[in-house]
Amino acid sequence: MMRLCLWISSFVLSLLFTFALPRALVDGEGRSDSGVSSIITEQLFEEMLKHRDHSGCKGGFYTYEAFLKAAKSFDGFGTTGDLDTRKRELAAFFGQTSHETTGGWDDAPDTRYAWGYCFIEEIGGGDYCVPSNDYPCVSGKQYYGRGPIQISYNYNYGQAGDALKYDLLSDPDKVAKDPVMAFRTAIWFWMTPQSPKPSCHDVMTGQWMPSSTDAAANRLPGYGVTTNIINGGVECGQGEVETVRHRIGFYERDCDLLGVSMGENLDCHNQRPFNWDSIIISLA
């Protein structure tokens, strides 16, 4: 997630990922999953992520039980709207996170799109530390991608930790060691609006209405905007990009398994990234 090109300044990075507190975070202890398990059954979970325990993957980490426990912490996740809307949101969540953690390749068994959730940590990740007064890096800690959404950078670990009531700045490895925390960081990112970005949740549940600025930038409701939110500075507005095609491939497979249509505006080929003007200024 959010592995933006190193030429973007730390100032722009802080703009790109300034999060609001997640309005949907609730106490998950003793709480029903409010229907998520009726859509993502254990059998379906195993089929969606059927090769995650392959010998070449980091097997045994991403469990169905951990996913459900994490889902209970966020009111509205996978439970907003009619049945098709709920299915489509969950397909989008697993589509994006499967791409972030994929171990697939072109001629992989069952296609590359059955190989999500293979990896826990970013391969060859660096420190991912940028100056931040609010979330300074802790000496000796690295903030490379971890978990389903591959949360990256110190300020993201810091803000996620604030929301989840755990000091992830001091213990970023918690995301790679605790599967519930791993899923919680991913769902936290999914549910939390950014400025000027909406949340992926609002996009996929039809609660986001594009502004005139969004419309002029071809940012229209659909799966493509979630790609823009997650990694638009690298993948969007550049014509056809292979990684965008792969994100759509995962989403398509999950929609097929859930028996729901994919909706419109699947790619971000012609979408301008959010905060594009700030990126241009930083490069001038």
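Including glycine, each Cβ sits where the backbone N, Cα and C put it.
Remember, predicted model here, so these are calculated numbers, not experimental data.
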Bond partner of Cys268 - disulfide, per TrEMBL - picked from Cys236, Cys255: Cys236
Second cysteine of the disulfide that TrEMBL assigns to Cys57, among Cys5, Cys118: Cys118
List of residues, in chain order, with Cβ under 8 A from that of Cys137 (disulfide bond) and at least 6 apart: Asp127, Cys129, Tyr143, Asn154, Leu169
Coarse DSSP state, helix versus strand versus coil, of Glu100 (active site, proton donor): helix
Proximal residue to Cys236 (disulfide bond) among recorded positions Cys57, Glu100, Cys118 (C-alpha distance): Glu100
C-alpha spacing of Cys268 (disulfide bond) relative to Glu100 (active site, proton donor), in angstrom: 17
Alpha-carbon spacing, Cys118 (disulfide bond) to Cys268 (disulfide bond), which is rounded to whole Å: 25
